[in-house]
Amino acid sequence: MLLTMMMALGSLRNSVPMVLFSVCLFLCLYHTHAADTLRPTKHIGFDKHPKGWFSRKSINFVRQNDTLVSEKGVFELGFFGENKKYYMGIWIKNDKSKKVVWVANRNKPFPNASGTLHIGRDDGNLMLSDCVETPTLINKATPATTWNTSAKLLDSGNLVFSDEGGRVLWQSFDYPTDTFLPGMKIGWYKLVSDTRPTMRNLVSWANPKDPSPGYYHLGISNSSSYKSLSVWQGNNVSINIGFWNGETGFQFFFQNLTNSFNFSYVSNENESYFTFDIKFGFLPSWFVMTSTGQIEEYYVVDGVVGYDTHILCNQSTSSINITSSQSCLSLKAPSKCKVDKFSEINGTIPLSSLATRSVVEFDNCGIMCKNNCSCSAFSFFFEGQTVCLFYFGHIAPLLDVIEKGGTRLIYIRGDLPINHGKRRGKRTTIIDSSGFVALVFLLLSIAAFSRQCKIRKCEGNQNDKVSIYRWIRILLDFTSNSSAREVASSAGEFASSTRLVANARKQELHEHKYHKWFFSLSTIESATNSFTTEIGEGGFGHVYKGQLPEGQEIAVKRLSRVSTQGVEEFKNEVIMISKIQHKNMVKLLGCCIEGEETMLIYEYMANGSLDKLLFDSKRREALDWRKRVKIIHGIVDGVLYLHRNLNSKIIHRDLKTSNILLDAEWNPMISDFGMAITIGEDDAQAKTQRIVGTVGYVSPEYAMDGNFSDKSDVFSFGIILLEILSGRRNIALCPIQNLPLSAWNLWKEGKGMEFMDPTLSISCSSSIEVDKYIRLAFWCLNKEAANRPTMFDIFKLLNSIDTTTIPIPEQPYCFN
């Protein structure tokens, strides 16, 4: 229609230029509703000049309803661009960043925002025009023979132009740009024709913001023994990314994350090509040839598009070295998933051919690695966006090259070697076994029975001792292969029906594999100098400082002999701490259960508890702004792990500054899990009749109605945040001494800096940053739990300069 009207107005071009301009403008602004099919009576295109910028991964589009949308809403076709370069392309419709998978006019962008795609009414051909130059015939190789044609955008991402009989005249899959979608064919065509054979391959963008052809190509190459997919620059083969050998099918030289690709190789006298589809039940996935010569593997998880960048060289640079990269990759056979458990260490996975980067939500990071047996380790961090780094290969070489230290966490499939990461003269074994939990419950039951027996002056003969010894041996062996519940049950039966033989127990514990987690009473008495230095106390009893013979400093939590609350908290702490291993969680080294003594032994935190520093006018000077920010981030990382990194949510229920310990490097360690409770990961909240926690930190819904959830911990974090900022303790007396109300009154008057700890006047001068943290605290302290952020919301906010996600603050709710 555009071409016809332009020809009809050709004679008026010189005399009536405004008429032509008006007609073209009308065509370019013509409104159409989104559909999957373009017919001769309709067109798509710009309706005004675009604003903003666009890039390979983020593009601003002019008008959403002036497009084609595939039947199920998967792909969308329209126009995009800026700065006198405008293109027609296809992108993922519901992806926020609008990732472009195909570009029509990458070699010839429009100089203005007036592009249209339409079908000629007279000849039925598919035309692309910018209302200025002569329209471009898209289906040049196979012109239409009837005017009744249509172009349909399929859910595969293929734009198919066909006639009324269904004959395909042209399709976008025959002209790929930089993206290899399922169903596309990459290879050689017209091998026996009179014309020169045609090669169909991927060509990268010039750069992330420029769709014009770049330097790197991905296509098929021939060998005497196999056909391979290769990446090259110019005439130089850069690297083979996979091959087809005719026996085992297609194999990648890197481990693709999703394991979802089902490749096929077709070869006959006229064509030779690779294609692939997605295995049934697997994630939708596809490939992109990047402007830096890397392979990006895209996939969709729960409607969210993520991607991995496959590093094709064993180097940290983003661009490949085309002269030496042949040796970068080695074929790694996938392993079977024998282990679903992951252990945690601190460090950084180096970029290599075995590591892939993925932009994916936090929840899916561990799930995707766990579900891919070839994934040996993963790490999650934030670099302007949430990123997962996955590692494929053997664990032993990885442990040798991990960059030690740092604040990142690496999750390794299976158990770590006993001596890995061991510091000289220090006991670093981490408790991570249901057997250990069961064994502790066994010994607690035995100890309880022993005390009762002592009160009753029980006596036993030699036969009793032999029988008990056998019972202990059976139960200790049982812990290796049984669940904590089963062992605890057996332990209870044992404790109620037998008598304790201490020597037999000690001997068997010494020989058993768990013996390294059990300390003798004499060792602890010597380490603490008979419990001389007390460093803390609680409902369970007291905490003492000590030093083991090898020099490691320890903290000993000693259960009070008269505390019923302490017994329950002690048991709960053992259960919880066996489930969690995180850099911001206090480390449990073992326990001592002997005679009437029951103790837990932890790593000693050199800088003590946060409250002892914050609320001491002299000591808090050591906490400058940089250290306080580090502490805030560490607390968020730790609580986020409790809420989202496990198969169930762990609600701490007693987050407060006295339960935040600081090591020698000022890293915060969350402690005291005696009141923690587990709820299902899909449960919004739970209810209890027994309210626990500390006045001033407990959320209103928990204190008043017994309802608790992860948002209860968020409320407590809000109080902690205000205490860290101000150096003042929250006293829940409304309204005079309430810390949140004090912060609110100053903030609403524009005096947020006056709320800050005076000792921070030198190290913190940014009112913008202070305002960000105060508003975050108010968000956490919202009266309604549903209106508070999640810990993941907080995590993203703290790792971003964007504060627009914080809602307009509401006055914190104050209750006595």
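For all residues, glycine too, the Cβ spot is worked out from N, Cα and C.
According to DSSP, LYS557 (ATP binding site) sits within a strand segment. All protein chains considered, the CB of LYS557 (ATP binding site) has 26 other CB atoms within 10 Å. The ATP binding site annotation in TrEMBL covers LYS557.
Annotation comment: TrEMBL describes 53-174 as domain 'Bulb-type lectin'.
For 337-414, the entry in TrEMBL reads domain 'Apple'.
Taken from TrEMBL, the feature domain 'Protein kinase' applies to 529-814.
What TrEMBL records for 1-34 is signal peptide.
Here the domain 'Bulb-type lectin' (53-174) has, by DSSP, the following mix of helix, strand and coil residues: 3 helix, 50 strand, 69 coil. The average per-residue pLDDT of the prediction over the domain 'Apple' (337-414) is 67, rounded to a whole number.
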